[in-house]
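Everything below concerns the one structure shown next.
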Amino acid sequence: HHGHPSLPSADEHFGGSMETNVVLRSDGHIMWDSPAITKSSCKVDVSYFPFASFYIFNLLLPCIMVSFLAPLGFYLPADSGEKVSLGVTVLLALTVFQLLWAESMPPSESVPLIGKYYIATMTMITASTALTIFIMNVHHCGPGARPVPPWARRLILHHMARLCCVYEVGESCKSPQRALGGRGVWGDAGGAAESAAPGGGRCPWDHCLCHHDALVRNVGYIAGCFRRHRANQRRTGEWKKVARVMDRFFMWVFFLMVFLMSVLVLGNAA
């Protein structure tokens, strides 16, 4: 006896008749062994996939450690030039871990918890790198930059600086007159000229250099240049302080985000 088996299976190329033996028992039972290779499919829920302990140590812990490195990019000094490269390196490291995780993962429709964690962390690191680029632009404002607006000075240099414990802000608040220490430059020069005169009186017209118009004009020009240079320096210094405060603020924000995400994932897994 031979026939065509009509069993439900996941294999499209199924069928074909083969001559097989039929065992006929005395009590009327007939046993027919039909040789066939069948493929069956079943739905797999992989939401909590990587939490046996092997995967926790090999995939999850490195990811958490690497993602805690990302906010430290804000702590790096802007002059080091390594801020953006740290963010990109962390992103690449996470991509490698995600590829490793995806290879050992059974294919399924549901996204596992660790997948969501990786995607969220990578999004966060991308955002932090973009923010770092913006802050670097603020830090490297040239001498042609506009002065810091009053609202930014009040919000960032005072409130946010106090909030983020950046204490070295505000050292340039001293006015240049007080910084020079009492008498102005011209007062000192006048005093020197008076004391240099013979007999203690004012110096005669032809012997004293301070009556030459060209010299006075040149000294005034040099003093003006120096004053402008100091003002530019103060302006760029203020922008650098703004960048430093923003760096510190975003570092704490992103640390908090990484911490909350890690706690959420581990809590859901538990």
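Yeah, the Cβs are placed from backbone N, Cα and C, and that goes for glycine too.
Residues or ranges marked as domain 'Neurotransmitter-gated ion-channel ligand-binding' by TrEMBL: 10-51. According to TrEMBL, the domain 'Neurotransmitter-gated ion-channel transmembrane' annotation covers 59-177. Positions annotated as transmembrane segment by TrEMBL: 54-77, 84-102, 117-136, 249-269.
Listed by sequence, the residues of this chain that lie at least six past the ends of the transmembrane segment (249-269) yet keep a Cβ under 8 A from its Cβ atoms are 48, 51, 60, 64, 67-68, 70-72, 74-75, 113-114, 116-117, 120-121, 124, 128, 131, 135, 160, 163-164. Per-residue pLDDT, averaged along the domain 'Neurotransmitter-gated ion-channel ligand-binding' (10-51), amounts to 75 for this model.
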